[in-house]
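J.: The structure follows.
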Amino acid sequence: MTHPPKTPLLDQVTYPADLRKLEDRDLPQLAREVRDEMIDAVSRTGGHLGAGLGVVELTIAIHSVFDTPNDRLIFDVGHQCYPHKILTGRRDRIRTLRQENGLSGFTRRAESEYDPFGAAHSSTSISAGLGMAIAADLEKTDRRVIAVIGDGAMSAGMAYEALNNAGALDARLIVILNDNDMSIAPPTGAMSAYLARLASGRTYMGFRDFGKKLTAYLGKNIDRAITRAVEHARGYVTGGTMFEEMGFYHIGPIDGHSFDHLLPVLRNVRDNARGPVLIHVVTQKGKGYPPAEAAADKYHGVNKFDVITGAQARVKPNAPSYTSVFAEALVQEAALDDKIVGITAAMPNGTGLDKLAEAFPSRCFDVGIAEQHAVTFAAGLAAEGYKPFAALYSTFLQRAYDQVVHDVAIQGLPVRFPIDRAGFVGADGPTHAGSFDTAFLATLPGFVVMAAADEAELKHMVRTAAAYDAGPISFRYPRGEGVGVDMPARGEILQIGKGRIVKEGTKVALLSFGTRLADCLLASEDLEAAGLSTTVADARFAKPLDHELLRQLARHHEMLITVEEGSVGGFGSQVMQYLSSEGLLDNGLKIRSLVMPDIWMEQAKPEAMNAHAGLDRAGIVSTVFRALRRGVAVGVAG
């Protein structure tokens, strides 16, 4: 284990007010120390490293120039917020990042007054910033609002909706576009720095405001002609006419790692801007840490690693991951059916669709951070006879719910939805938990909703979805590795709406939806040891339900427990609705539904989260004993 870095200048900075006492010439050294501190911290916790390394100078410059927290600073997504946390009173806890009871990996309002708006999903910062800017105007305060958004997040339509609205309102909003895709090289040299200072200066911006007032008296046609002439002329020097057309004053691109560029521009904008301003800053993801700079993903998300070598800790898996099983099964099916296509929203590696892209590049589409578009794009393909697999994380599918309802479900289009990261996801906390997909999909008429109990079942569900053309179909599976079951050479086509009994008993029935099946089987061992004969069943389907299986379990057992890693309103609620409507609760059946608790569960390891929720072996056994008014047997495994 390496020792924490020496940081004499950073040791003087606890809050931004301390930072503002430093001279400009001290800031490059401070940036080096912040990088060293962040690298050491993330090497111990894992997390999102590359994005934060790329915005160290920008973060320091913003806090140096603006009066945070009175001035509002909003980070989009939040992957880049680690330097911000170090500089805003949280350095003493930075080595608890993404750990149980530790700092969040994202900005959170409840964590600090320096986090005025929480983030984790993309493209929200400009909308939130605009709301805050308008609030400041209504209150007649001189509060500035700064939204920092990456070029990736700018691929989502919500960002442009907000830009368009901000321009129309002529709001006092500062948007900083952090361009770390390296598609545009940052300008270098004294002339580019001079032009950026000139464009952001009082004279130029004041002349622009004067021009706006003058042309207001000359009629709309002359106004438009003059405005276009000025902005197009300026565009030859600085670019950015698209943002100008939306009503933003555009500055840049400027070097996001040069304080000589950043500080004068930010100060000019602070002192002179009256309407919306967009500052285009070019940065390098992974800046200042050679292993990150050399890596293809710039160390976007990393495990714990060795600071000297950059080598990440790797735990040898006991079984293949669910994501890899899905990807291999989809490639296998795609090789046999040229109508199968894959769609991902900027997550080809995370969803495994990079494997499909390697095998069939013309049949795999990365649409960017645009889940709404992804779903309707898939609907269009389905309408033309293709078999689209729109692979999305559960938490991101939420962003496209209207498209799922209006464009897919109502039209009965056979779009396939592989739903990754279902259930608890651990260190990313409540913003990324896959909690609600079963509940919001199972309410839709004609929608088939499946959950894989293990990796072999997942393979069956991939083939089942490929073969199903009667309407939309989904299948959910968690993050992480499978349970190590024997794998079929190819998946089987499952009968729609039919579950399976895995273990037969007579007194207690445990009905699992998804990967909680393994804990149900373990719990059954403890229940059997306590003299309670236990049936364990795998529902497979939340919609359509297996009515025959439900009737059998309800009529021949004293107690029925449904278990799912999802919210209330999901599988258990569907079961309860059916049993009550059929009168199967009238004869004294004891029934319990185990779901995620109705709270936003904080980050922890998934197994700890399941234990807290009562969804593990011990929680299931405890639920049975409480319902049957029996004490917990000595020796029951936890």
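Heads up, the Cβ atoms here are built off N, Cα and C, so glycines get one too.
Sharing the record's features from Swiss-Prot:
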BINDING   His79, Ala120, His121, Ser122, Gly152, Ala153, Asn180, Tyr289, Glu371  thiamine diphosphate binding site
BINDING   Asp151, Asn180  Mg(2+) binding site
J.: Under 8 Å Cβ to Cβ from His121 (thiamine diphosphate binding site), same chain, six or more residues apart: give me those in sequence order, or none if nothing qualifies.
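T.: Spatial neighbours, sequence-distant, of His121 (thiamine diphosphate binding site): Val77, Thr395, Phe396, Arg399, Thr431.
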J.: If one measures from the C-alpha of Asn180 (thiamine diphosphate binding site) to the C-alpha of Asp151 (Mg(2+) binding site), what distance in angstrom results, rounded to a whole number?
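T.: It is 7 Å, counting Cα to Cα.
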J.: Taking the Cα atoms as reference points, how far is His79 (thiamine diphosphate binding site) from Asp151 (Mg(2+) binding site) in Å?
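T.: About 13 Å separate the Cα atoms of these two residues.
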J.: With the cut-off set at 10 Å between Cβ atoms, which of these binding-site residues ends up with the most neighbours? Options: Asp151, Glu371.
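T.: Result for the most crowded candidate: Glu371.
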J.: Round to the nearest Å and give the CA-to-CA distance linking Asp151 (Mg(2+) binding site) with Glu371 (thiamine diphosphate binding site).
T.: 17
J.: Restricting to the chain of Gly152 (thiamine diphosphate binding site) and a gap of 6 or more, list residues whose Cβ falls under 8 Å of its Cβ, or answer none.
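T.: Spatial neighbours, sequence-distant, of Gly152 (thiamine diphosphate binding site): Ser122, Asp181, Ala346, Gly368, Ile369.
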J.: Where among the binding-site residues His79, Asn180 do you find the Cβ with the fewest other Cβ atoms within 10 Å?
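T.: Per-residue Cβ counts within 10 Å for the binding-site residues His79, Asn180 bottom out at Asn180.
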J.: Per DSSP, to which secondary structure element type does Gly152 (thiamine diphosphate binding site) belong, with helix, strand and coil as the options?
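T.: Once the DSSP labels are grouped into three classes, Gly152 (thiamine diphosphate binding site) ends up as coil.
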J.: For the thiamine diphosphate site as recorded (His79, Ala120, His121, Ser122, Gly152, Ala153, Asn180, Tyr289, Glu371), determine the largest distance between any two Cα atoms, in Å, rounded to the nearest integer.
T.: 33
